[in-house]
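Asker: Have a look at this one.
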Amino acid sequence: KSSALLLLRLAFQSLGVVYGDLGTSPLYVFYNTFPGKIEDPEDVVGALSLIIYSLTLIPLLKYVFVVCKANDNGQGGTFALYSLLCRHAKIKTIPNQHRTDEELTTYSRSTFHEQSFAAKTKRWLERHVSRKNALLILVLVGTCMVIGDGILTPAISVLSAAGGIKVDHPGMSNGVVVVVAVVILVGLFSLQHYGTDKVSWLFAPIVLVWFLVIGGIGIYNIWKYDSSVLKAFSPVYIYRYFRRGGKDGWTSLGGIMLSITGTEALFADLSHFPVAAVQLAFTVVVFPCLLLAYSGQAAYLMSNRDHVVDAFYRSI
(Lines of atoms letter the chains of each structure in order from A and count residues from 1; the text may use other names and numbers.)
(Lines give C-alpha, C1' and ligand atoms only; values in the text may rest on other atoms or scores of the structure.)
Protein backbone atom coordinates (compact mmCIF):
# COMPACT_ATOMS: atom_id res chain seq x y z
CA LYS A 1 0.00 0.00 0.00
CA SER A 2 1.29 3.45 -0.83
CA SER A 3 0.18 7.01 -0.45
CA ALA A 4 1.10 10.30 -2.10
CA LEU A 5 3.11 11.29 0.98
CA LEU A 6 5.07 8.02 0.95
CA LEU A 7 5.74 8.42 -2.78
CA LEU A 8 7.09 11.93 -2.24
CA ARG A 9 9.30 10.68 0.59
CA LEU A 10 10.72 7.87 -1.55
CA ALA A 11 11.22 10.24 -4.50
CA PHE A 12 13.14 12.58 -2.17
CA GLN A 13 15.27 9.70 -0.83
CA SER A 14 16.02 8.48 -4.36
CA LEU A 15 17.80 11.77 -5.06
CA GLY A 16 20.52 10.80 -2.59
CA VAL A 17 21.13 7.34 -4.07
CA VAL A 18 20.15 7.24 -7.74
CA TYR A 19 21.14 10.65 -9.13
CA GLY A 20 24.52 11.46 -7.61
CA ASP A 21 26.45 10.46 -10.73
CA LEU A 22 24.07 11.98 -13.27
CA GLY A 23 23.93 15.17 -11.21
CA THR A 24 27.69 15.70 -11.00
CA SER A 25 28.26 15.39 -14.76
CA PRO A 26 28.10 19.20 -15.29
CA LEU A 27 31.45 19.36 -13.48
CA TYR A 28 33.38 18.00 -16.46
CA VAL A 29 31.23 17.63 -19.61
CA PHE A 30 32.18 20.84 -21.44
CA TYR A 31 35.87 20.47 -20.57
CA ASN A 32 35.96 16.95 -22.05
CA THR A 33 33.93 18.04 -25.08
CA PHE A 34 36.36 20.89 -25.84
CA PRO A 35 39.79 19.86 -24.47
CA GLY A 36 41.36 22.88 -26.17
CA LYS A 37 40.09 26.40 -26.78
CA ILE A 38 36.67 26.90 -28.34
CA GLU A 39 37.17 28.36 -31.81
CA ASP A 40 33.57 29.20 -32.75
CA PRO A 41 30.74 30.23 -30.37
CA GLU A 42 28.36 28.22 -32.58
CA ASP A 43 30.18 25.08 -31.42
CA VAL A 44 28.98 25.76 -27.87
CA VAL A 45 25.38 25.90 -29.08
CA GLY A 46 25.85 22.67 -31.07
CA ALA A 47 27.39 20.86 -28.09
CA LEU A 48 24.60 22.12 -25.82
CA SER A 49 22.01 20.87 -28.31
CA LEU A 50 23.69 17.43 -28.27
CA ILE A 51 23.60 17.40 -24.45
CA ILE A 52 19.93 18.43 -24.36
CA TYR A 53 18.85 15.71 -26.78
CA SER A 54 21.11 13.08 -25.15
CA LEU A 55 19.40 13.77 -21.80
CA THR A 56 15.96 13.81 -23.41
CA LEU A 57 16.29 10.66 -25.52
CA ILE A 58 18.20 8.34 -23.19
CA PRO A 59 17.46 9.07 -19.49
CA LEU A 60 14.01 10.64 -19.99
CA LEU A 61 12.34 8.82 -22.89
CA LYS A 62 14.24 5.53 -22.93
CA TYR A 63 14.84 4.84 -19.22
CA VAL A 64 12.13 6.72 -17.32
CA PHE A 65 9.24 5.86 -19.65
CA VAL A 66 10.30 2.54 -21.23
CA VAL A 67 13.10 0.61 -19.49
CA CYS A 68 11.89 1.20 -15.92
CA LYS A 69 8.60 -0.50 -16.81
CA ALA A 70 10.49 -3.70 -17.76
CA ASN A 71 11.20 -4.52 -14.12
CA ASP A 72 10.90 -7.95 -12.54
CA ASN A 73 8.41 -7.40 -9.70
CA GLY A 74 10.18 -4.19 -8.71
CA GLN A 75 13.71 -5.47 -9.35
CA GLY A 76 15.82 -3.69 -11.96
CA GLY A 77 19.13 -4.34 -13.68
CA THR A 78 20.52 -6.62 -16.37
CA PHE A 79 19.83 -9.88 -14.53
CA ALA A 80 16.24 -8.80 -13.80
CA LEU A 81 15.68 -8.49 -17.55
CA TYR A 82 17.34 -11.86 -18.08
CA SER A 83 15.13 -13.44 -15.43
CA LEU A 84 12.04 -12.16 -17.26
CA LEU A 85 13.30 -13.62 -20.54
CA CYS A 86 13.99 -16.99 -18.92
CA ARG A 87 10.51 -17.00 -17.44
CA HIS A 88 8.80 -16.52 -20.79
CA ALA A 89 11.18 -18.55 -22.99
CA LYS A 90 12.83 -21.92 -22.39
CA ILE A 91 16.40 -20.71 -22.48
CA LYS A 92 17.36 -23.30 -19.81
CA THR A 93 20.15 -21.29 -18.17
CA ILE A 94 17.81 -20.39 -15.29
CA PRO A 95 15.23 -23.15 -14.72
CA ASN A 96 12.43 -20.99 -13.35
CA GLN A 97 9.46 -22.48 -15.18
CA HIS A 98 8.79 -25.23 -12.62
CA ARG A 99 5.40 -25.62 -10.98
CA THR A 100 6.89 -24.72 -7.59
CA ASP A 101 8.06 -21.38 -9.02
CA GLU A 102 4.53 -20.48 -10.08
CA GLU A 103 3.35 -20.85 -6.48
CA LEU A 104 5.51 -17.91 -5.43
CA THR A 105 3.52 -14.75 -4.67
CA THR A 106 5.84 -12.58 -6.77
CA TYR A 107 5.86 -14.91 -9.77
CA SER A 108 4.00 -13.61 -12.80
CA ARG A 109 4.07 -14.65 -16.43
CA SER A 110 1.88 -12.90 -18.98
CA THR A 111 0.54 -14.64 -22.08
CA PHE A 112 0.78 -13.32 -25.63
CA HIS A 113 -0.65 -14.15 -29.03
CA GLU A 114 1.13 -16.81 -31.08
CA GLN A 115 1.58 -14.45 -34.05
CA SER A 116 2.86 -11.54 -31.96
CA PHE A 117 6.42 -10.24 -32.17
CA ALA A 118 7.08 -11.53 -28.62
CA ALA A 119 6.02 -15.07 -29.58
CA LYS A 120 8.21 -15.01 -32.70
CA THR A 121 11.18 -13.75 -30.66
CA LYS A 122 10.59 -16.53 -28.11
CA ARG A 123 10.63 -19.20 -30.82
CA TRP A 124 13.72 -17.65 -32.43
CA LEU A 125 15.63 -17.76 -29.11
CA GLU A 126 14.59 -21.33 -28.32
CA ARG A 127 15.55 -22.71 -31.74
CA HIS A 128 19.36 -22.86 -31.32
CA VAL A 129 21.62 -23.38 -28.31
CA SER A 130 24.13 -20.87 -29.71
CA ARG A 131 21.52 -18.09 -29.43
CA LYS A 132 20.86 -18.95 -25.78
CA ASN A 133 24.59 -18.91 -25.04
CA ALA A 134 25.03 -15.63 -26.95
CA LEU A 135 22.24 -14.10 -24.86
CA LEU A 136 23.92 -15.22 -21.63
CA ILE A 137 27.27 -13.76 -22.76
CA LEU A 138 25.51 -10.50 -23.66
CA VAL A 139 23.97 -10.36 -20.18
CA LEU A 140 27.34 -10.97 -18.51
CA VAL A 141 29.06 -8.32 -20.67
CA GLY A 142 26.28 -5.84 -19.89
CA THR A 143 26.65 -6.49 -16.17
CA CYS A 144 30.44 -6.11 -16.36
CA MET A 145 30.00 -2.76 -18.12
CA VAL A 146 27.71 -1.54 -15.31
CA ILE A 147 30.30 -2.65 -12.72
CA GLY A 148 33.04 -0.89 -14.70
CA ASP A 149 30.94 2.26 -14.84
CA GLY A 150 30.33 1.96 -11.10
CA ILE A 151 34.09 1.88 -10.48
CA LEU A 152 34.99 4.66 -12.92
CA THR A 153 32.34 7.29 -12.30
CA PRO A 154 32.68 7.82 -8.52
CA ALA A 155 36.40 8.37 -9.07
CA ILE A 156 35.99 10.87 -11.92
CA SER A 157 33.10 12.69 -10.20
CA VAL A 158 34.85 13.06 -6.83
CA LEU A 159 38.19 13.94 -8.46
CA SER A 160 36.49 16.63 -10.58
CA ALA A 161 34.72 18.01 -7.51
CA ALA A 162 37.94 18.08 -5.45
CA GLY A 163 39.65 19.80 -8.39
CA GLY A 164 37.59 22.88 -7.59
CA ILE A 165 40.04 23.62 -4.77
CA LYS A 166 42.67 24.52 -7.38
CA VAL A 167 40.45 27.25 -8.81
CA ASP A 168 40.83 29.19 -5.56
CA HIS A 169 44.41 27.97 -4.90
CA PRO A 170 46.15 27.69 -8.31
CA GLY A 171 49.51 26.88 -6.71
CA MET A 172 48.25 23.70 -5.07
CA SER A 173 49.71 20.48 -6.48
CA ASN A 174 47.61 17.78 -8.13
CA GLY A 175 48.78 15.33 -5.47
CA VAL A 176 46.85 17.18 -2.76
CA VAL A 177 43.68 17.07 -4.88
CA VAL A 178 44.12 13.31 -5.38
CA VAL A 179 44.59 12.74 -1.62
CA VAL A 180 41.44 14.76 -0.84
CA ALA A 181 39.48 12.73 -3.45
CA VAL A 182 40.76 9.42 -1.99
CA VAL A 183 39.75 10.43 1.56
CA ILE A 184 36.25 11.38 0.35
CA LEU A 185 35.86 8.11 -1.60
CA VAL A 186 36.97 5.99 1.39
CA GLY A 187 34.48 7.91 3.55
CA LEU A 188 31.66 7.37 1.05
CA PHE A 189 32.25 3.63 0.71
CA SER A 190 32.57 3.18 4.48
CA LEU A 191 29.02 4.52 4.85
CA GLN A 192 27.48 1.92 2.54
CA HIS A 193 26.99 -0.76 5.20
CA TYR A 194 24.47 1.44 7.06
CA GLY A 195 21.93 0.61 4.34
CA THR A 196 20.01 2.46 1.66
CA ASP A 197 17.55 4.14 4.02
CA LYS A 198 20.16 5.88 6.19
CA VAL A 199 22.48 6.72 3.28
CA SER A 200 19.59 8.20 1.27
CA TRP A 201 18.41 10.36 4.19
CA LEU A 202 21.98 11.65 4.60
CA PHE A 203 22.61 12.52 0.96
CA ALA A 204 19.14 13.40 -0.37
CA PRO A 205 19.08 16.93 1.18
CA ILE A 206 22.62 17.59 -0.13
CA VAL A 207 21.79 16.42 -3.65
CA LEU A 208 18.49 18.33 -3.68
CA VAL A 209 20.27 21.56 -2.70
CA TRP A 210 22.92 20.78 -5.35
CA PHE A 211 20.34 20.45 -8.13
CA LEU A 212 18.41 23.57 -7.08
CA VAL A 213 21.60 25.64 -6.84
CA ILE A 214 23.11 24.59 -10.19
CA GLY A 215 19.69 25.08 -11.83
CA GLY A 216 19.34 28.55 -10.26
CA ILE A 217 22.87 29.55 -11.28
CA GLY A 218 22.06 28.31 -14.77
CA ILE A 219 19.06 30.66 -14.97
CA TYR A 220 21.23 33.55 -13.75
CA ASN A 221 24.00 32.84 -16.30
CA ILE A 222 21.50 32.59 -19.16
CA TRP A 223 20.07 35.98 -18.17
CA LYS A 224 23.47 37.61 -17.55
CA TYR A 225 25.62 36.32 -20.41
CA ASP A 226 23.74 35.10 -23.47
CA SER A 227 20.13 33.95 -23.62
CA SER A 228 20.58 33.06 -27.30
CA VAL A 229 21.96 29.65 -26.22
CA LEU A 230 18.34 28.56 -25.74
CA LYS A 231 18.14 28.13 -29.51
CA ALA A 232 20.06 24.88 -28.85
CA PHE A 233 16.66 23.28 -28.17
CA SER A 234 16.36 23.16 -31.98
CA PRO A 235 18.04 19.95 -33.29
CA VAL A 236 19.13 21.88 -36.40
CA TYR A 237 22.21 23.02 -34.47
CA ILE A 238 23.34 19.40 -34.03
CA TYR A 239 23.44 19.03 -37.82
CA ARG A 240 25.34 22.33 -38.18
CA TYR A 241 27.78 21.28 -35.45
CA PHE A 242 28.78 18.07 -37.24
CA ARG A 243 28.86 19.69 -40.67
CA ARG A 244 31.19 22.41 -39.41
CA GLY A 245 33.30 20.30 -37.03
CA GLY A 246 34.19 17.37 -39.25
CA LYS A 247 36.29 14.78 -37.43
CA ASP A 248 36.57 16.92 -34.27
CA GLY A 249 32.79 17.05 -34.02
CA TRP A 250 32.57 13.27 -33.87
CA THR A 251 35.48 13.03 -31.42
CA SER A 252 33.76 15.40 -29.01
CA LEU A 253 30.95 12.84 -28.58
CA GLY A 254 33.14 11.23 -25.91
CA GLY A 255 32.63 14.34 -23.78
CA ILE A 256 28.92 14.56 -24.62
CA MET A 257 28.47 10.94 -23.47
CA LEU A 258 29.63 11.93 -19.97
CA SER A 259 26.41 13.94 -19.58
CA ILE A 260 24.42 10.68 -19.39
CA THR A 261 26.76 8.53 -17.28
CA GLY A 262 24.88 7.19 -14.30
CA THR A 263 21.65 6.78 -16.26
CA GLU A 264 21.72 3.01 -15.73
CA ALA A 265 21.16 3.68 -12.00
CA LEU A 266 17.56 4.67 -12.82
CA PHE A 267 16.90 1.03 -13.67
CA ALA A 268 19.47 -0.79 -11.53
CA ASP A 269 18.30 0.89 -8.28
CA LEU A 270 14.65 -0.09 -8.68
CA SER A 271 15.21 -2.73 -5.99
CA HIS A 272 15.55 0.18 -3.54
CA PHE A 273 12.84 2.51 -4.84
CA PRO A 274 9.55 2.05 -6.72
CA VAL A 275 9.30 3.05 -10.38
CA ALA A 276 6.96 5.98 -9.67
CA ALA A 277 9.43 7.52 -7.16
CA VAL A 278 12.34 7.33 -9.62
CA GLN A 279 10.19 8.80 -12.42
CA LEU A 280 8.89 11.62 -10.22
CA ALA A 281 12.33 12.66 -8.95
CA PHE A 282 13.83 12.69 -12.44
CA THR A 283 11.06 14.57 -14.26
CA VAL A 284 10.38 17.16 -11.54
CA VAL A 285 13.87 17.91 -10.17
CA VAL A 286 16.78 16.26 -11.99
CA PHE A 287 15.93 16.77 -15.66
CA PRO A 288 14.95 20.49 -15.57
CA CYS A 289 17.84 21.41 -13.25
CA LEU A 290 20.40 19.65 -15.47
CA LEU A 291 19.09 21.39 -18.59
CA LEU A 292 19.34 24.76 -16.84
CA ALA A 293 22.84 24.00 -15.51
CA TYR A 294 24.22 23.02 -18.94
CA SER A 295 22.48 25.96 -20.65
CA GLY A 296 23.96 28.34 -18.05
CA GLN A 297 27.47 27.00 -18.61
CA ALA A 298 27.01 27.33 -22.37
CA ALA A 299 25.85 30.95 -21.95
CA TYR A 300 28.95 31.69 -19.87
CA LEU A 301 31.24 30.06 -22.45
CA MET A 302 29.74 32.15 -25.24
CA SER A 303 31.34 35.17 -23.58
CA ASN A 304 34.37 33.42 -22.03
CA ARG A 305 35.58 30.84 -24.53
CA ASP A 306 39.05 30.52 -22.96
CA HIS A 307 37.58 29.39 -19.60
CA VAL A 308 36.45 25.99 -20.84
CA VAL A 309 38.93 24.10 -18.59
CA ASP A 310 37.09 25.12 -15.41
CA ALA A 311 33.83 26.41 -16.91
CA PHE A 312 31.70 24.95 -14.12
CA TYR A 313 33.49 26.79 -11.31
CA ARG A 314 34.06 30.04 -13.18
CA SER A 315 30.42 30.22 -14.25
CA ILE A 316 29.47 30.03 -10.57
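Placed from the backbone N, Cα and C atoms, the Cβ positions cover glycine too.
Annotation source TrEMBL lists signal peptide at 1-20. The feature domain 'K+ potassium transporter integral membrane' is assigned by TrEMBL to 10-315. Annotation comment: TrEMBL describes 44-65, 134-159, 171-189, 201-223, 276-295 as transmembrane segment.
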Asker: Between the transmembrane segment (44-65) and the transmembrane segment (276-295), are there at least three Cβ pairs closer than 8 Å, leaving out pairs fewer than 6 positions apart?
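Answerer: Stretch pair touches.
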Asker: Go through the chain and flag residues at least 6 beyond the ends of the transmembrane segment (171-189) whose CB is under 8 A from any CB in it; none is fine as an answer.
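Answerer: Same-chain residues near the transmembrane segment (171-189) but 6 or more away: 154-155, 158-159, 161-163, 165.
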Asker: Should the transmembrane segment (201-223) and the transmembrane segment (134-159) be scored as in contact, given a threshold of at least 3 Cβ pairs under 8 Å and pairs 6 or more apart?
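Answerer: Answer no, regions not in contact.
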Asker: Hey, which bits of the same chain come close to the transmembrane segment (134-159), Cβ under 8 Å, at least six residues off its ends?
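Answerer: 20-21, 24-25, 27-28, 77-79, 81-82, 85, 91, 93, 125, 177-178, 181, 184-185, 188, 261-262, 264, 268.
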Asker: Against which stretches of its own chain does the signal peptide (1-20) lie, if we need a Cβ under 8 Å and a gap of at least six residues from its ends?
Answerer: 157, 196-197, 199-208, 211, 262, 265-266, 269, 272-274, 276-278, 280-282, 284-286
